[in-house]
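TrEMBL has this to say about the protein:
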type	residues	note
DOMAIN	40-102	domain 'P-type ATPase N-terminal'
DOMAIN	887-1137	domain 'P-type ATPase C-terminal'
REGION	1312-1331	region 'Disordered'
TRANSMEM	82-100	transmembrane segment
TRANSMEM	302-323	transmembrane segment
TRANSMEM	357-378	transmembrane segment
TRANSMEM	915-936	transmembrane segment
TRANSMEM	951-971	transmembrane segment
TRANSMEM	1001-1019	transmembrane segment
TRANSMEM	1039-1062	transmembrane segment
TRANSMEM	1069-1088	transmembrane segment
TRANSMEM	1108-1128	transmembrane segment
Amino acid sequence: MSGSRRRGIQFSRLYSFSCFRSKFGDEHSQIGQKGFSRIVYCNDPDNPEQVMLRYRSNYVSTTKYTAVNFIPKSLFEQFRRVANIYFLVVACVSFSPLAPYTATSILAPLLAVIGATMAKEAVEDWRRRKQDVEANNRKVKVYDKNHTFKETRWKKLRVGDLVKVYKDEYFPADLLLLSSSYEDGICYVETTNLDGETNLKVKHSLDITSPFHDDNAFHQFKAIIKCEDPNEDLYSFIGTLSYEGQQYPLSLQQILVRDSKLRNTEFVYGVVVFTGHDTKVMQNATDPPSKRSKIERRMDKIIYILFSMLILVAFVGSFFFGINTKKDDKNGKLKRWYLRPDEPTIFYDPKRSELAAFFHFLTALMLYGYLIPISLYVSIELVKVLQSIFINQDQDMYYEETDKPARARTSNLNEELGQVDTILSDKTGTLTCNSMEFVKCSIAGVAYGRGVTEVEKALAKRKGDISDNIQRSGDDDVDLGRSVKGFNFKDDRIMNGRWVYEPQSEMIQKFFRVLALCHTAIPEVNEETSEIAYEAESPDEAAFVIAARELGFEFFERSQTSISLHELDHESSRKIDRSYTLLHVLEFSSARKRMSVIVRNVENQLLLLCKGADSVMFEKLAKDAINYEAITRDHIKKYSEAGLRTLVVAYRELSEEEFKTWEEEFLKAQTSVSGDRDSLVDEVADKIEKNLILLGATAVEDKLQKGVPECIDKLAKAGIKIWVITGDKMETAINIGYACSLLREDMKQIVITLDSQEINELEKHGDKEAVSKASSASITNQIREGKSQLTSSKGSSISFGLIIDGKSLSFALSKDMEDSFLDLAISCTSVICCRSTPKQKALVTRLVKKGTGKTTLAIGDGANDVGMLQEADIGVGISGVEGMQAAMSSDFAIAQFRFLERLLLVHGHWCYRRISLMICYFFYKNIAFGFTLFWFEAHASFSGQPAYNDWYMSFYNVFFTSLPVIALGVFDQDVSARHCLKYPILYREGLHNILFSWPRILGWIFNGIISSMIIFFFTTNSVLLQAFRKDGRVVDFEVLGVMMYTCVVWTVNCQMALSINYFTWIQHFFIWGSIAFWYAFLVMYGAVSPTVSTTAYRVLVEACAPSPFYWFGTALVVVSTLLPYLLYRAFQTEFHPMIHDVIQRRLGRAKMMDCGKEDELRDGDLLVETAIKVAAENDDDEFEFFSDEFCCDSQIGPNFPIFNQDIFIEESSIAIPLSKLLIENREEHERDNYYSPSCSSSESDEPENIPKGSYCVCRPKSAEQPSPNRCKKSKSTGSVSKRWKLRDLLRRSNSEGKDSFVFLNPKLPEEKITEKSPRKGSGGAPSAHEALYVRNRAVKEGNKKKSYLPYRQNLVGFFR
């Protein structure tokens, strides 16, 4: 609709509630006092008095640092870490004579680590600054001194500026609405960024300013606003406007809040009231809580353990140093004369051995500092940043429709994704699409709409009702015609104008006429295509108008006083134009729960058209009218069970006298100045909305997002608990729970609610104290009963689902009840909280996080979910329909809920595994290196002499061992992404923290100590007592240090190679390159002057390299050091394998036997028992058997339920009870039901040596003939045994009680049947384990693959 046409509409005269005129109240008397002192000079920002007030600019900054405070603040952040403080102290002390090495060698690595970390902080903060720059440099039109509107940047706005904002633009600051493109100064505002609500809010300017409709109207405009000071309250505003000597009260109705969006309005004029950080949205913005992963917190504890170890070894060394020093001068006898104890220093004085021991302790603290990995933090941060890049670049988490990839907005919580115990999810917009579609309706007691929702499919499956309607739903969903957004209705009875032939055509006409007239939507005509689009206050309202249009009642024009429709006349079956005079709009509100319009038609009839919630509408129906209440209630119940949102549609005809009387009373109530004006208007509206005639009910669907049920099912298999916290009513939430696999048919429900007769009676009496007391007692009792149900079912396989409503939740979260509620909730498999407020969402999240002590993940898409996202250990925002507030406040952002599966099961599993192994390896390599120093010092009489050159030690963590561990943290995979998704049980390694448990951490520390002992003692004992060079010279101090250091470098890098599961060329390059660089460094550093290189001068070239003993000794020591770990891993893998060990072994065998690349489960694949039902219902049994990679393994046990239906199949012929094979679980039968007789050469239909009642089932004759002794042609028929259709076989089995059939395997040649295969009458059990699924044969057409399975056949052929 054009702007001129909009100007003809004055909704303020039609809206009965939203556009009340602001009035002075008691709160306005506070203006000018403390908290209400703000003064704004409108259109005069340069006013000297306002300049003196020094209001904030409109520049907004969300960065952590500024150019001024970056260095001091960043340094403070770095030295909050204990390890960095330690190394800083050591670096300072290293300038004293106490240091065992030069100051430069310790200071340089510290500066490198701190510098790298600060650089990373600077880069991340620069990204935040870029976002700020983008927001601050958005353009808006401002009224300047030349009396024209010119573009300027948001950041240049000042308090008092007059701005013009256009449709679909965000408001740049908090504005006072002056006027709009509508004559009466109303506008529509979308606040999804603020409160998550999709309904548009109506704002209304003061009458005194609403006539300002064009740019020239503000030439002389000057006014003064006095109002409240900046605050965070989004739902109130108190102020006054002084204009032309008069004061006018201001309320929230006139305030346009920053970051909300202008909708359905061409433009508005406004005055800037609050800017920048004074705006309400920025006042509400809180710094996100500092989140640290559990691994990082545990890592701090390990650092403390290492510090304790450091102090212990330093104390031990100092203690023995003091003893030896004291013995050096005993009774004048010099024991170690070469140390010249007769010329003592403060650091070595036999007469003051205690003081010497103390100084030695300080030296030892520095010497053994290599037990603390200096590069650990910076390496982990670098790895996490690279992991985040991989998450951001994952194309499988990219949503093409909205062009939104996944975003890791923080890199601190990557590994936490692999340890999630509980997911707390919003529903609308998170599990569902938040896109309403008109699906069904009930008119005059007749249900229309053939579509089947996801909830209905789940409901039918739950009840075992596989009706034709449900089965054909997939075909019905395929609409060959044009797709209409908001309309998914299919019913030939009333579509395409056929409703005129229905018996109740007049009622149908009235029903859709109500939908076409009872709304506040505005039509927008596309000038190019002439198509009409609607801008409505809510998605539901738009769906109703679209449905009316598609069924013959097209709303195409609105003016101030009329609504025009293209109608299909039920008598002439022709399209006609009808115009209705619009008299009043009684709009929808959460309290009223209904909306009505009063119109006059061309026949001069006065009609009240109404739609609303069934809870209020049925009370207002006429008692004596022909009524379809009972059957409509039944339809509404079914619609609710199907997860649909329902509204009741009704109307009544008004008399002229009644209308005039009511209108006078209504206008009087509207203009009332009393404090109870709102309630007066409600009462008058109630008087006209009565004696309604029921027309029917509507049902709209907020569809589940694609892949939600499969995702939830996969996450549940991974052991993750899922809670849904929603504002929907209980019935809808429960059925959505079934549709998305959160609730299952075998699950018992524990429902906690206050919807009882007793509570309702107390509420009617209005005694709040009695209601509260009774409610608390009721909730306590219901929780106790729920816990008793759980206790009584212990030891059984029964699972429970907990459902609780918002009113009950407020009591359950009280201090005296929250613990018992949490105990009940965490014992249930699934939890659904209905009618929950945003605050309750955050409180439930906090309760679960603190009560369980395990990792929680919250996921949502609206601003009302922000509290929940920030409270959880991990917040995941959906960048969906409700704006970007949740995504911007989250730790990770994804476009669809289904991507959560990949985020957790793939990236979470990988990141957890990588970081865990990386940290353990860091501690291992530093302990292995640091303890060689300790053993050497003990060998050297605890003298404090380091075993290695200063720069050897400094470069150890920087060049020789750091890059391989970084490569491990970025690239390592225990299994591929495909198999992470395929085997969600892998995720439980992180869920139970198997890879970073204390036994595993201590095991790596112990491995480091053992490695250091083997390296030191093997090296020293092998080289010290014999000639090392050709000239007979023995090993000196420098050569021993080089040899030990070489063994350390080789050992820790080879240990890395053994720990890696997935090699890339980068890992090979880093591992072997690090070792090669050690030799290159020795050559280059040894070539430098001996004053610089000291003990390293030409040591490799002249001493080590020419000696074969150096090379053979290094190889021997390295192999010996790695041998204990190899033995331990071999034992663990064989006898106590972890989950990934088992999966890796199976995948390896599958690859070796050429079955690793075979078929996987696809959409449409069915369990065999499901295929039976489909075959019986649809006369379709053309299915193929297929198996997965587990075909190659015979060791899979019951602990790995990869699929729901397991079956043993032997490579030779076996007889299996059919009911066992197809329907029942294998644990319900004894193992001796499996046997392997062969078909004899008998020519009878029923071969010999087969148990009585069994049938020989063979494959149809093919190119590869079965062996004669396995299947014999029948005399009578000439066919191969008996051939059966699956359904016939089942019927015969059921009717005769004979369900034992022999499965023959004609594909296997005779030589494949080995002696290990059970033979005729052996009674042996089959050994191969296979999950039996079937696939419709049509799926395989044109996609023939190499068949490796001896049992893959057409399902028909398999059973005939």
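Heads up, the Cβ atoms here are built off N, Cα and C, so glycines get one too.
TrEMBL does not curate its annotations; it predicts them automatically.
Beyond its flanks by at least six residues, the transmembrane segment (1001-1019) meets 298, 302, 305, 920-921, 923-932, 934-936, 939, 1040, 1043-1044, 1047-1048, 1051-1052, 1055, 1113, 1116-1117, 1120-1121, 1124-1125 of its own chain at Cβ-Cβ distances under 8 Å. Stretch with the largest number of CB pairs closer than 8 A to the transmembrane segment (951-971), among 302-323, 357-378, 915-936, 1069-1088, 1108-1128: 1069-1088.
Counting only same-chain residues 6+ beyond the ends of the transmembrane segment (915-936), those with a CB under 8 A from a CB of the stretch are 295, 299, 302, 306, 313, 317, 367-368, 370-373, 376, 379-380, 383-384, 414-415, 945-948, 956-957, 961, 965, 968-969, 972, 995-996, 1000-1001, 1004-1005, 1007-1009, 1011-1013, 1015-1017, 1044, 1048, 1051-1052, 1055-1056, 1059. A Cβ distance under 8 Å defines the sequence-distant neighbours of the transmembrane segment (1108-1128), meaning residues of its chain 6+ beyond its ends; these are 1007, 1010-1011, 1014-1015, 1018-1019, 1022-1023, 1028, 1039, 1043, 1046-1047, 1050-1051, 1054-1055, 1058. Confidence across the domain 'P-type ATPase N-terminal' (40-102), taken as the mean pLDDT and rounded to a whole number, stands at 81.
Residue counts for the domain 'P-type ATPase N-terminal' (40-102) by DSSP state, with H, G and I taken as helix and E and B as strand, are 27 helix, 3 strand, 33 coil.
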